[in-house]
Amino acid sequence: MATSDADDSLYPIAVLIDELRNEDVQLRLNSIKKLGTIALALGVERTRAELIPFLTDTIYDEDEVLLALAEQLGSFTPLVGGPEHVHCLLPPLESLATVEETVVRDKAVESLRIIADQHSQSDLENYFVPLVKRLAGGDWFTSRTSACGLFSVCYKRVSTNVKAELRQNFRNLCADDTPMVRRAAAGKLGEFAKVVESECLKSDLIQLFNLLAQDEQDSVRLLAVEASVSIASLLPSEDTEQLVMPTLRQAAEDKSWRVRYMVADKFTELQSAVGPEITKNDLVPAFQSLLKDCEAEVRAASAHKVKDFCQNLSPDVREQIIMTAMLPCVKDLVADANQHVKSALASVIMGLSPILGKDNTIEHLLPLFLTQLKDECPEVRLNIISNLDCVNEVIGIKQLSQSLLPAIVELAEDTKWRVRLAIIEYMPLLAGQLGVEFFDEKLNSLCMTWLVDHVYAIREAATLNLKKLVEKFGKEWAQQTVIPKVLQMSRDQNYLHRLTCLFCINLLAEPLGQELTTKLMLPTIITMGSDPVANVRFNVAKTLQKLAPQLDQSSIQTQVKPLLEKLKADSDMDVQYYASEALEVLK
């Protein structure tokens with residue numbers, strides 16, 4: 001019996017070993033994914049003594065198997081006996097952190113960062129820091145890139161001497177011969193800066209930042225820009241001006257457009273980090289330069305930041321800087337040759353209205369909005385339409401309707417259906433702002449025209465738009481303005497327009513209520529039950545089923561059920577099916 005128990009206890013590890021050696025990758029992968037279950041079956045002691053060493057010795061597999069293993073080990077602490085034994089997970093993860101495949105190394109580093117927090121201080125110095133040093137001094141660049149991500153998680157909890165060693169190791173990685181290692185170090189510099197002491201930040205890390213920001217590889221320089229945000233946020237204003245800004249000014253004029261793009265992309269974060277005084281003196285000229293950059297990608301990235309940058313300016317100088325420094329650049333971008341630049345600007349330019357106020361908006365921004373509303377690129381027009389409410393809040397509907405409404409009406413008939421769709425979606429909001437009289441005069445006919453558009457998505461959106469308008473303007477308005485035109489479509493020669501009539505009735509019944517639905521719309525539905533097109537007839541059946549709660553019992557008995565009985569005997573099977581279904585519901 002004892003022998004049988006021993007065999008049973010050995011069984012999970014035996015199965016694992018068999019499956020991990022199987023030629024089928026999927027079997028090996030499934031085995032790795034069941035590691036937690038196997039470890040539970042083995043118990044913590046045997047997991048530490050047998051399973052972990054076995055896994056450490058078998059790291060030569062397919063990348064997807066190694067990736068699954070690296071992920072599993074990050075949550076293995078309870079399965080090896082808790083934090084006091086967590087260091088036994090380091091050997092397999094150290095091996096995984098040196099493999100060639102980047103995603104496997106990254107996942108191993110992620111797991112190492114998780115378990116670093118679970119080490120006691122003594123275990124951190126005895127086990128984890130030596131691992132970091134071994135990786136940092138490895139022969140292959142793969143291990144040295146992995147090491148870069150581990151300094152910040154152990155630095156705070158080690159002794160002063162060990163901290164000095166870690167800083168020296170990080171310094172060596174920043175000056176490594178291999179660009180990939182320097183890139184990894186630059187990518188983690190900001191994170192490391194957040195955990196080192198302020199005196200070490202000034203004496204050591206600023207020097208490394210400047211070194212990386214002048215690297216011969218632009219992929220390293222652009223990551224140094226990212227680090228500058230963290231470093232600037234940690235330093236007092238005068239130190240930032242003296243130690244960081246000269247390098248940043250250089251980066252904004254870097255010969256590589258990718259570095260300048262990164263500066264543009266991080267610009268508002270930099271603005272928050274350096275504070276209002278440096279923004280006014282240094283960042284405003286740099287931002288102007290980026291908005292006029294010779295590369296479209298850089299101009300587009302900068303254009304995206306225009307609103308946020310202006311909004312975050314110090315209130316005492318905001319208007320003056322926008323009017324003198326930003327607006328001339330914005331005017332140039334409105335007429336930019338690149339559509340991505342214009343589109344980026346169009347997505348944020350309306351946000352300048354609340355910042356500049358009514359008079360400046362009317363005088364300086366409205367002409368730009370009009371230009372963009374007439375731009376040949378649909379994306380630009382779309383972005384302007386989507387943000388009209390920002391401007392309306394500032395200048396009021398009267399001014400908006402005089403200046404922008406003609407352009408909006410023009411766009412409502414745009415050849416690009418997505419532009420027409422954007423106008424439709426904005427219409428209920430615009431209607432509420434314009435008021436019923438103005439709407440009827442200027443826009444009502446447009447809303448009805450959309451119901452017969454050749455694109456289904458437009459017709460569908462137009463019916464939903466009608467429902468929202470009825471909810472906004474009321475039943476009486478609907479009775480006079482909308483319903484006659486909708487019911488007229490039931491006699492249209494095009495069966496698609498007759499279908500749209502049914503779809504409108506479906507949506508309008510709820511806001512109109514039982515009385516109007518029964519009185520005005522039910523007779524039309526009944527007439528359409530004899531339509532020559534089967535598609536229309538089965539939609540009549542579906543409509544009657546949906547409208548049943550909106551109809552009185554008398555109408556259901558005298559009009560609805562007789563028609564459904566007739567449709568149940570229709571020659572078309574779909575019509576029969578939907579009529580039967582509707583009758584079931586009405587029982």
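Numbers here mean position along the shown chain, with the first residue as 1.
Cβ from N, Cα, C; glycine included.
The repeat 'HEAT' annotation in TrEMBL covers 12-50 (among others).
For 89-127 (among others), the entry in TrEMBL reads repeat 'HEAT'. Through the fold, the repeat 'HEAT' (89-127) approaches residues 52-53, 55-56, 59, 63, 66-67, 69-71, 73-77, 80, 83, 134-135, 138, 140, 142-143, 145-147, 149-150, 153-154, 157-159, 162 of its own chain, all at least 6 residues removed from its boundaries and within a Cβ separation under 8 Å.
Per TrEMBL, repeat 'HEAT' is recorded for 166-204 (among others). When pLDDT values are averaged over the repeat 'HEAT' (166-204), the model yields 87.
As annotated by TrEMBL, repeat 'HEAT' applies to 205-243 (among others). Panel annotation: around the repeat 'HEAT' (205-243), residues 170-171, 174-175, 179, 182-183, 185-187, 189-194, 196, 198, 250-251, 254, 256, 258-259, 261-263, 266, 269-270, 272-275, 277-278, 282 of the same chain, lying at least six beyond its termini, place a Cβ under 8 Å from a Cβ of the stretch.
Long-range Cβ contacts of the repeat 'HEAT' (244-282) within its own chain (Cβ-Cβ under 8 Å, at least 6 residues beyond either end) map to 206, 209-210, 213-214, 218-219, 221-226, 228-233, 235, 237, 289-290, 293-295, 297-298, 301-302, 305, 308-309, 312-314, 317, 321. According to TrEMBL, the feature repeat 'HEAT' maps to 244-282 (among others).
Under DSSP, residues within the repeat 'HEAT' (283-320) fall into helix, strand and coil as 27 helix, 0 strand, 11 coil. As annotated by TrEMBL, repeat 'HEAT' applies to 283-320 (among others).
Under the heading repeat 'HEAT', TrEMBL lists 326-364 (among others). Sequence-remote contacts of a segment are chain residues at least 6 beyond its ends whose Cβ falls under 8 Å from one of its Cβ atoms, and for the repeat 'HEAT' (326-364) they are 287-288, 291-292, 296-297, 299-301, 303-311, 318-319, 371-372, 375, 377, 379-384, 386-388, 390-391, 393-396, 399, 403.
With a threshold of 8 Å between CB atoms, the same-chain residues lying at least 6 positions outside the repeat 'HEAT' (365-403) that come near it are 330-331, 334-335, 339, 342-343, 345-347, 349-354, 356-358, 410-411, 414, 416, 418-419, 422-423, 426, 429-430, 433-435, 438, 442. Annotated repeat 'HEAT' per TrEMBL: 365-403 (among others), in sequence order.
Counting same-chain residues at least six beyond the ends of the repeat 'HEAT' (404-442), those with a Cβ under 8 angstroms from any Cβ of the stretch are 366, 369-370, 373-374, 378, 381-382, 385-386, 388-389, 391-392, 397, 449-450, 453, 455, 457-458, 461-462, 465, 468-469, 472-473, 477, 481. Positions annotated as repeat 'HEAT' by TrEMBL: 404-442 (among others).
In the repeat 'HEAT' (482-520), helix, strand and coil residues by DSSP number 36 helix, 0 strand, 3 coil. For 482-520 (among others), the entry in TrEMBL reads repeat 'HEAT'.
Long-range contacts of the repeat 'HEAT' (521-559) within its own chain (CB-CB distance under 8 A, at least 6 residues past either end) are made by residues 483, 487, 490, 495, 498-499, 501-502, 505-506, 508-510, 512-514, 566-567, 570, 572, 574-575, 577-579, 581-582, 585-586. The repeat 'HEAT' annotation in TrEMBL covers 521-559 (among others).
Only residues 6 or more beyond the boundaries of the repeat 'HEAT' (560-587), in the same chain, are considered here, and those with a CB under 8 A from a CB of the stretch are 522, 526, 529, 534, 537-538, 540-542, 544-545, 548, 551. If you look up TrEMBL, you'll see 560-587 (among others) marked as repeat 'HEAT'.
Outside the repeat 'HEAT' (482-520) by six or more residues, the chain places 448, 451-452, 459-460, 462-464, 466-467, 469-471, 475, 527-528, 531, 533, 535-536, 539-540, 543, 546-547, 550-552, 555 with a CB less than 8 A from a CB of the stretch.
Packing against the repeat 'HEAT' (283-320) from elsewhere in the chain are residues 248-249, 252-253, 257, 260-261, 263-265, 267-268, 270-272, 274, 276, 326, 329-330, 332-333, 336-338, 340-341, 343-345, 347-349, 351-352, 355-356, 360: each is 6 or more residues past its ends and has a CB under 8 Å from a CB in it. The DSSP breakdown of the repeat 'HEAT' (89-127) into helical (H, G, I), extended (E, B) and coil residues amounts to 30 helix, 0 strand, 9 coil.
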